[in-house]
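As structure tokens, the structure follows; a few thoughts come after it.
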Amino acid sequence: MGNCSQGCKDYFSRQKNTNIRLTLPVVCFVWQIAMIILFGVFIRYDEESDTHWVETKAHDNITSDIENDFYFRYPSFQDVHVMIFVGFGFLMTFLKRYSFGAVGFNFLIASFGLQWALLMQGWFHSLDPQTGKIFIGVESLINADFCVAGCLIAYGAVLGKVSPVQLLVMTLFGVTLFAVEEYIILNLLHARDAGGSMVIHTFGGYYGLAISRVLYRPNLHQSKRMQGSVYHSDTFAMIGTLFLWMFWPSFNSAITDHGDGQHRAVINTYLCLASTVLTTVAISSLSQKTGKLDMVHIQNSTLAGGVALGTAAEFMISPYGALIVGFFCGIISTMGYIFISPFLEKTLKIQDTCGIHNLHAMPGVIGGIVGAITAAAASESVYGKQGLINTFDFTGDFKDRTVLTQGGYQAAGMCVSIVFGVVGGAIVGSILKLPIWGDPADENCFDDEVYWESIKLLHCTDHTEDISHK
């Protein structure tokens, strides 16, 4: 028994081999070929993107192509797509020697994830029982980007500590878990979560934190010289912040009902984000004896309001209510970077590179709570009878549901997302812990040179003044 235990320990602690010349190409080729085959079997254009749209228009007495959902959804899709590839990518470029990995691996994760998401979400949400096909349109593309966002959030927790092969495996399981928890929360529990505070941010945050905990590196201090930022890396990260901040109203409103629901979601998110900036700046200044601002807080906590308002974005939370949510989110998120992140690393052994607990997990839970309270407090006098039905989709099997019951199911949805994130992340983390994925040694984390060519120019940053980050 002792020999077996020692052998297992030696296997997991053997010297790291970061040569992924075979594993990465094999995974990319095999998985992309699998996507081609699965798309050929299951995926088809929906009626609004098919050439039979002309016949559909005539049959339904539609007089103009402007009624095609493409013209309603595509502007929001563009904004969300930019958030996924530019916003998330550049937000993670703060590390002085990990910009290639931040943007490049973000690109890789998203490109694979959106394909797998179209299949997984299609099987759960839109599989035609008669034909066995999945019919996709522009709204399917938005939902796939949402699904990918959960995996990119998780990436933030393990940024710089894993290989691209591990990231692809993490995305494969992450998208699968996301599709299941999304189906349970939105379809079975019938919770409303237009901006994904629960489904996207809470799940993605706890999924990444659980993986990071399982992959804990006790000797990560050997890469401490790489964990700082420099002036230009923080500037690049701020580009990501600004893209995310500007487009977040589109993120929270992209799949809401046409008309008042979408309009209201944009207004609420817009105001909430603005309020968050002021309280973030205030707490950041108060936290320093000299009153100076910390760029970590400005890059991240200013976005927390958009996360927290995701669930209640389309509800009648009122403009001043949106400002209140933003006010408290800026405070809580910034305090998280100051106090909670050090506690998580020291006490719970969670090495959260980007601080996703403070930007996504914690604000996501706040969003779930705000959504549950707002739903339970909804009334016919505020929403109107038909407005109440439209906002909470009280139709079909749910036509007799009361607002108090809806509030309870909203809270249950938040619990489901946390459970899926924590349990799923722990299982996936155990898989990623196997020493076969080409992950870097403790002394080589947060360094692009491990996986990228042409890094010599970056070495000059070793002589640049480090700025403590996170």
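Every residue, even glycine, has its Cβ placed from backbone N, Cα and C.
TrEMBL has this to say about the protein:
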{"type": "DOMAIN", "residues": "68-450", "note": "domain 'Ammonium transporter AmtB-like'"}
{"type": "TRANSMEM", "residues": "22-43", "note": "transmembrane segment"}
{"type": "TRANSMEM", "residues": "77-95", "note": "transmembrane segment"}
{"type": "TRANSMEM", "residues": "102-122", "note": "transmembrane segment"}
{"type": "TRANSMEM", "residues": "134-155", "note": "transmembrane segment"}
{"type": "TRANSMEM", "residues": "167-186", "note": "transmembrane segment"}
{"type": "TRANSMEM", "residues": "198-216", "note": "transmembrane segment"}
{"type": "TRANSMEM", "residues": "228-247", "note": "transmembrane segment"}
{"type": "TRANSMEM", "residues": "267-286", "note": "transmembrane segment"}
{"type": "TRANSMEM", "residues": "298-317", "note": "transmembrane segment"}
{"type": "TRANSMEM", "residues": "323-344", "note": "transmembrane segment"}
{"type": "TRANSMEM", "residues": "356-378", "note": "transmembrane segment"}
{"type": "TRANSMEM", "residues": "411-432", "note": "transmembrane segment"}
The answer for the transmembrane segment (198-216), taking Cβ pairs under 8 Å and residues 6+ beyond its ends, is 146-147, 149-158, 161-162, 170, 174, 177-178, 181-182, 185-186, 191, 307, 310-311, 344, 348-353, 356-357, 359-365, 367-368, 371, 413-414, 416-418, 420-426, 428-430, 432-433
On the domain 'Ammonium transporter AmtB-like' (68-450), the mean of the pLDDT values is 97
Count the Cβ pairs between the transmembrane segment (167-186) and the transmembrane segment (411-432) that lie under 8 angstroms and are 6 or more residues apart in sequence, then report whether there are at least 3. yes
Q. Should the transmembrane segment (77-95) and the transmembrane segment (228-247) be scored as in contact, given a threshold of at least 3 Cβ pairs under 8 Å and pairs 6 or more apart?
A. yes
